């Protein structure tokens, strides 16, 4: 099943469906800034915020990383994972230059299956192969408790809705 979002007002197809609240989070393996593999299981017992976006080198994506870095200080027992197709070197450069130490950046560059599993793979248009903008919140037991596939890729996600489910 595919979904439609928009990029600069134009429809874009996204393969599969984003996980819905109440479903079990799919396992994944992504790449950390030191090029090591990181799995969902490594965050067992913690709540996880997956901030998924096309590239850290765009203004809106960078803004979302900055905002979630700030919000990460307000929520206990929670890790914020910022996930994009950027190489770990670019992610590290950005976070280092910005002084962002409260989020963990992860890359899909060796494991594009993540995009399919989480229903964020852009299937057509100029961003084909990248991730659509989305937020998925997962509880300590790896159950999805919130998800948002942002309708317009060039707009920021609903931070307050994601934060509200973590403070509930």
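Keep in mind that glycine also has a Cβ here, set from the backbone N, Cα and C atoms.
According to Swiss-Prot, the features are:
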DOMAIN    19-168  domain 'Thioredoxin'
DISULFID  61-95  disulfide bond
ACT_SITE  61  active site, cysteine sulfenic acid (-SOH) intermediate
Disulfide-bonded residues (61, 95), the one with most neighbouring Cβ atoms at 10 Å
61
How does the model score the domain 'Thioredoxin' (19-168) in terms of mean pLDDT?
90
